[in-house]
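*Asks:* I grabbed these lines from TrEMBL:
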TRANSMEM  B:20-41  transmembrane segment
TRANSMEM  B:48-81  transmembrane segment
TRANSMEM  B:93-112  transmembrane segment
TRANSMEM  B:119-137  transmembrane segment
TRANSMEM  B:168-187  transmembrane segment
TRANSMEM  B:217-242  transmembrane segment
TRANSMEM  B:254-276  transmembrane segment
TRANSMEM  B:288-309  transmembrane segment
């Protein structure tokens, strides 16, 4: 962790327009290595757009994205994954009709270099099972290893998604509303999980509510109408009068 | 590690041995079949079964609906017929040429169509296959409405006289088994795993670092080649390559066979093809309008058992929690 605190992911003057509508306006964002950084904002604040821009699922109208100092503004989404920048999705992104084990194994198998080998037996992938089961164990899904992902309850799908993301051993994990739609009992566990996996990597997460990320993140960036409203640790951001106004009635519930 | 055995996919043991049993039984039946039924009818079933299996590889395991597969099937039929009849090639080389040409066409179709998804993908493949139909109608070597007729059966590998119906039947059976085995292996390969992941959730596969277009393209070329192998074989069996095999109705028929039998199941397309071919031959000798009857059956099937015949059996037996 010698490099802790240096900037790993950066957005400079990021803007995205859809037709005439400006969804994101001139966003400057710096994510520091080894931290948990939360991007929050009310509905329509543009946080998902920013997230999709950073993960290359959208192309910015203007601005630049730098990852470890390299310009990745024009890099393809599959390629940034290979560079160590791996995202999750708002709606739980599992492969429903693959087993939990296969879900994780798909993420593990790419480095074998046999992913185009249609003539090879699936048993050539069995060597990956130990590692896959370790990851499944880490998110407390061991009893479910042979179940179809579709059979898991919502909270466990999110856990599986995190295990699959971890399989790529990413330097930066980008989590799109990892706690959304979860019951209280799941939120606690998943928040702990995020904290645990963030121990030796960087996490950038999008969330809706300020209170949810309060004790989880080192830095919070608040977006409103496509622009950055405030940034800093929870203690600072939560006392910002503009933030309080934006969140009136919801944020401090 | 006790975990290791526990973690083996469930298809590994239980359903695996059942499948092997089913496969062995099916093979025995296929070996005995020409003594019970017309070999020509059986060969037609096998050709269409291979065609449907090739199509199913794409729709069932990569989630791509091609509505232009007749282009590969029909073109390969022309290539096989032309090389064997006009150029006097041995049947095995005619089939290799037919398969290769279909594969190349698949590459071109795929490169154009794969950037688009869903209905747009289907429409592009339909448009391209209509262009192929037009070419088949106009090019001199295809002989327009007449087609290429009287293709000689020849001798396979210089050893097997294909003029003998039984020899021809077993040759066709061997081709079918080979094609089916390749599809089986593809589905159960590292490549097949990625393909299924793409079918299940493409954006997620992308976020895991897979350039999904390339995987879909490989699947498309494989599917087109095997459709070509089926078309070429059909041309040799019936000694004929005609416009029927390149029409959009043929593309529709293979969709019908696959859906009827069970999309995304390995045996479904075989059952579907057998059913459709049987119905067509049976109804041909009656006064009932074939398309209407088959259309009705199709509607009933889609309404009553959406997963297709095999898909429904697998689902109801309770072990079908894994669709492959």
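Using N, Cα and C of the backbone, Cβ positions are placed for all residues, glycine too.
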*Asks:* Please identify the stretch among B:48-81, B:93-112, B:119-137, B:168-187, B:254-276 with the greatest number of Cβ pairs below 8 Å relative to the transmembrane segment (B:288-309).
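*Replies:* Per the Cβ count, the answer is B:254-276.
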*Asks:* In terms of Cβ proximity under 8 Å, which residues at least six beyond the ends of the transmembrane segment (B:254-276) contact it?
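*Replies:* That would be 19, 22, 26, 45, 48-49, 51-53, 55-56, 59-61, 65, 67, 69-70, 73, 180, 183-184, 187, 227, 294, 297-298, 301-302, 307-314, 323-324.
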*Asks:* Between the transmembrane segment (B:119-137) and the stretches B:20-41, B:48-81, B:93-112, work out which stretch tops the count of Cβ pairs under 8 Å.
*Replies:* B:48-81
*Asks:* Near the transmembrane segment (B:93-112), which same-chain residues lie under 8 Å Cβ to Cβ, leaving out any that are not at least 6 residues past its ends?
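*Replies:* Here the qualifying positions are 66, 68, 71-73, 75-77, 79-81, 83-84, 124-125, 128, 132, 175, 216-217, 220-229, 231-233, 235-236.
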*Asks:* State the residues, same chain only, that lie 6 or more residues beyond the ends of the transmembrane segment (B:20-41) and have a CB under 8 A from a CB inside it; answer 'none' if no residue qualifies.
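*Replies:* Answer is 165-166, 168-169, 173, 177, 237-238, 267, 277, 281.
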*Asks:* Can you work out which residues elsewhere in the same chain, 6+ from the ends of the transmembrane segment (B:217-242), have a Cβ less than 8 Å from its Cβ atoms?
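*Replies:* Here the qualifying positions are 40, 43-44, 46-48, 50-51, 53-55, 57-58, 61-62, 64, 66, 69, 72-82, 84, 91, 94-95, 97-103, 105-107, 109-111, 113-114, 142, 146-154, 162, 168, 172, 175, 179, 182-183, 186, 191, 195, 254.
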